[in-house]
Amino acid sequence: MRSVMFMEIHGIRFNCCKGRVCVCVCVCQREREEGSLEWVSTKLMWSHNKFRTVTAVALKTDMATKIIYFTVNGRPEQAEFPVDCPAQDVKDLFRSAAEAGPHDILKLYNPKGNIINISPRLEPNSPNSCYKLEVVAADCNSEPLGVELAVALGFDLSSMEKRLQGLEKKILIEAGETPAVVYEMKRQVESFREKLESVEHLSWLGLFKELSEGTQKPSPFYHKRTLRKTREECEHVREKFLQMSSLEVSEEVRQYLKTPTFDNWQWEDAEIMVLLQVMYTDLDFIATFNIEPEVLHQFLYEVYKRYNNIPFHNFKHCFCVTQMMYGLIWLTDLKSKIDSIDLLTMLTSAVCHDLDHTGYNNAYQINARTELALRYNDISPLENHHCAVAFEILEKNENNIFRNLTTEQYKRIREGIIKCILATDMTRHNEILNKFKSILLVFDFSNKDHRDVLMMIMIKVSDISNEARPMDVAEPWLDCLLQEFYNQSDKEKLEGLPVTPFMDRDKVTKPSSQTGFIGFVLLPLFIELANLFPCLEQHIIDPVRKALDYYTEMEKALEREKLIRAQSDKAAAAKNTTPQNLQNPQKTANSQSEAGNALKPPTL
């Protein structure tokens, strides 16, 4: 096998008698033992022709080719390429047909409206069954999207880019070389850019997602968004969800969904709703409880609408808690230990557990004497509200996934959901954990009281399980949580209310917020659940112990840095005490006195 040569020439333009012709030429030569293969993909766009042709011409006559018919903005096109054409060249071919830039994002739909991958494996079709090619995201550097993005973000992107370039030059001059951390930041930015531009990443099916790839997660700009979702925002997500809801999710994603390592940051809200639908399907709830698909769709959509645009307790958090609950059900084989009604209760409780959370905890609600605190007499105001909103949604027949249950079944599920959601109030943590520990040695799955306590423990574990996930998934969640905490403490200070200690931005750091919480809350809870289900040790306890070590080291590093800074400040202060001042203290005192008098306001 000899060397491979690859050359691309884009944007060759020339004039001819019949109008403008744009040619995209891609030349590839691969030398094999039996001979050489050359092929050229060309796009000929004639300004006066209604039907345009995109062709990859095989120069070798015995080469097998495919012909693909598709439309771009309503106009018909056709592409022809060899069956063993490289995937990237096929994508470039379609990119040329769409007149898209190198950073634009393309999607291809089959006649049923399903998203399909642009690859050499595309099924040949006919002019009567055209695919549809769309440019769904444009280059952010172009107009007018760049201007809109800059306005939305609240700053000028071009000036920021110049500033970053200036800072990079300054660092290079002062340090003598570019530090490794700058290269790492550039690598992460480039990786994120490539992911945004990748068509495969947008394929919600997960057939082409890099599921194992850990990526840096951008924090959403919640301070630029309204608390409640807008009607347009909801309708957009609803439309995408309904388009995708009938499609098949790959087996790889279905299995990945059952693991605590699942990365929620790869999925959009509409895709998350599809994954929630998969959970209800794969646990056999659809068939067992006769849940109509359209009712489940409407229920999930109403749930999505009632989660607010806040940093942490949002729809993605709802999904994470539900996904962890779902994963625990499979990991512990609960399907063989308790009946389907209890499983349905647990999953639906997770879905609804933080509905209409506004980002301020029970302590704030009570101290500020909010409407919720008054309504629920200071007793778990938020958790009671979450329950009330859940059953408000279920009260409407078109949303009621329990509408085909018997009265007794519904009563049992309602009682269970209320117990589970109220159990997420952290002021009840010790009470529930101690109750579970007291029955652990004699735990009986046939005992209803025992099952009720287990269900409460399961939702508590799921609710605070972020640190059981990989660090690149968990740490962005901590950033979001701290943002929400700081927002509350700022509000408490402004309103003259008692400031919640673990939320005060002046006292709390990222590591200090976690070391105590993991050591005194998370680990004791997880260990007790693992005592009942030893298989969970490797899945949730080992990662939490690693997280504790990570934040402990981070806290020590911050303390060392603080000590070094204090010593540096002390040395600088000593240096500022000049010998002249030491020799003539009276002169220094007189100078200070004069300066003090100069600052005093004139006497009336």
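The count begins at 1 with the first shown residue.
Heads up, the Cβ atoms here are built off N, Cα and C, so glycines get one too.
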When TrEMBL marks a stretch as region 'Disordered', which of 209-244, 569-604 is it?
569-604
Write out the long-range same-chain contacts of Gln514 (AMP binding site), meaning residues 6 or more apart in sequence whose Cβ is under 8 Å from its Cβ.
Glu467, Leu478, Ala547, Leu548, Tyr551
What is the Cβ neighbour count of Asp354 (AMP binding site) at a 10 Å cut-off, with all protein chains included?
26
Which has the fewest other Cβ atoms within 10 Å: His313, Lys316, His317, His353, the binding-site residues listed?
Lys316
Count the other Cβ atoms sitting within 10 Å of the Cβ of Asn314 (AMP binding site), across every protein chain shown.
22
At the Cα level, what's the spacing in Å between Phe315 (AMP binding site) and His353 (Zn(2+) 1 binding site), rounded?
11
How big is the gap, in Å, between the Cα of Lys316 (AMP binding site) and that of His353 (Zn(2+) 1 binding site), rounded to a whole number?
12
For the domain 'PDEase' (230-558), what's the mean pLDDT in this predicted model?
96
